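Listed in Swiss-Prot for this protein:
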- 1-17: signal peptide (SIGNAL)
- 118: N-linked glycosylation site (CARBOHYD)
- 126-139: disulfide bond (DISULFID)
- 133-149: disulfide bond (DISULFID)
- 236: N-linked glycosylation site (CARBOHYD)
- 265: N-linked glycosylation site (CARBOHYD)
- 284-296: disulfide bond (DISULFID)
- 290-306: disulfide bond (DISULFID)
- 297-314: disulfide bond (DISULFID)
- 307-321: disulfide bond (DISULFID)
- 315-328: disulfide bond (DISULFID)
- 322-335: disulfide bond (DISULFID)
- 366-378: disulfide bond (DISULFID)
- 368: N-linked glycosylation site (CARBOHYD)
- 372-388: disulfide bond (DISULFID)
- 397-410: disulfide bond (DISULFID)
- 404-416: disulfide bond (DISULFID)
- 530: N-linked glycosylation site (CARBOHYD)
């Protein structure tokens, strides 16, 4: 929060300006920067708005019409929209206050300030708390699913996930323009959002009935036509029967007029639901997982731990981790990225993951050779073959092209009717042949196959399972597998590769002849073939039992080719990052004798 300096001089009418304690001259006023270490010029709100107070956000909304006159509907950092008692406003980072457009919020959100120049302070946090956009911009989802920034406040995000329009405008993608009540504007392009590089905050949210979807706090879960859940941007909302819209609490959906009706006969526009966020744990292996937004990292015990960053860097001490793009400085205990330095984080133990209930559901068989996904309904197509209606227990229409939700009847022109309500029918997709495997699949037996690049392994149930490695070794517990050339250590839950034990170096008497297959070290010493000469800590020679081995700086240990010495010579680390889906155990260090 900025601290105002020389306020008395300002109110006394010193239009000539004021001088900051650091000697800087400002035309109006001097403010202490948020960090408290420097000053900059500012202009407090003297005329229209209160000097030290912002305004509290009001009730939920989706458009300005849902707010009182003179108020505006703005997008907040929690992912919902609320009414702000300014006609044009920006949301503060605390999620509870707002300021007029053209101003920025203090750190605690209770004050509004305007800086000289165009540089804005602070940022708008995108809903997942990992990305942020500059002040007076809007978070919009990009084509790849990441967050982007539309360079205007409270913007309308277009369906192509590339463009955006001003607040209240409609995206006309066909003619590449934005349509407003006063005219048209060109489409604006979004820019990628910036990662905040701080730990993911698991904010409070509403869990939907499917136990896999979440909506932001202060919103309501409503089912979509697809059977999945969407979020109505207000608490305790009324979900409309078309599975597309919703209305505020204690109102009724009027789908014919596209309005929400209250007991006082007041009407508001229907609200459109937004897709819910699917809660998907990050899988470390078949048994262990971390929360969404975390990264799996090995602990010192060899078990999995959870780092509170996405795509994090796991530090070599197996205790700490750093944000993506940073490197671990084990001496300082920090994360480094050029001149930037942040504290590193400790990992938390991972938890056992439950099987995905959707993955356990079998396909719906249409006949002996055709099937549909578990949440679909088999309906015949005009060709006589089977098709899949994308909703469970659907009504198959007689035109063999459409289907309707349960409780509806098929009517003309591919529509569905229930009472006075009419919705568009759903088109069917061809069913898949259940008995034919993919032409490039690897057959386990006559009825079961695994994708190419994987290995068939016996499962606990007596059938087959797929190991996500080629030519893998199937472990005897029938739950795990290891890469080719490794053996399963079920007790340690690891994959191990046998390496020959260390051999002592042999001292030779001075002789002009050295064995043909021996490796000459010098000074009358040699090592056997497929070994490597290394200097020992007594300035003599020792033998590393690896061919082209790497001699560690402690002069007591060595590592195989392709590895590097770490942890002061007590550990070997691969020079190339291991596969994410094949957590292999590093070879044991060998003592030099």
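One-based numbering along the chain as shown.
Every residue, even glycine, has its Cβ placed from backbone N, Cα and C.
Keep in mind that this is a model prediction, so the values were computed, not measured.
Mapped onto this structure are the features recorded in Swiss-Prot.
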{"residue": "133", "record": "disulfide bond", "DSSP (3 states)": "strand"}
{"residue": "265", "record": "N-linked glycosylation site", "DSSP (3 states)": "coil"}
{"residue": "297", "record": "disulfide bond", "DSSP (3 states)": "strand"}
{"residue": "306", "record": "disulfide bond", "DSSP (3 states)": "strand"}
{"residue": "321", "record": "disulfide bond", "DSSP (3 states)": "strand"}
{"residue": "328", "record": "disulfide bond", "DSSP (3 states)": "strand"}
{"residue": "335", "record": "disulfide bond", "DSSP (3 states)": "strand"}
{"residue": "366", "record": "disulfide bond", "DSSP (3 states)": "coil"}
{"residue": "378", "record": "disulfide bond", "DSSP (3 states)": "strand"}
{"residue": "530", "record": "N-linked glycosylation site", "DSSP (3 states)": "coil"}
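Listed in sequence order, the disulfide-bonded residues from 322, 372, 388 having a Cα within 10 Å of the Cα of residue 404 (disulfide bond) amount to none. Using residue 149 (disulfide bond) as the reference Cα, a 10 A cut-off selects 126, 139 from the recorded positions 126, 139, 236, 284, 335, 530. On the backbone, the CA of residue 388 (disulfide bond) and the CA of residue 133 (disulfide bond) stand 42 Å apart.
On the backbone, the CA of residue 314 (disulfide bond) and the CA of residue 322 (disulfide bond) stand 7 Å apart. Only 284, 296, 307, of the disulfide-bonded residues 139, 284, 296, 307, 378, have a C-alpha within 10 angstroms of the C-alpha of residue 290 (disulfide bond). Around the Cβ of residue 149 (disulfide bond), 24 further Cβ atoms fall within 10 Å across all displayed protein chains.
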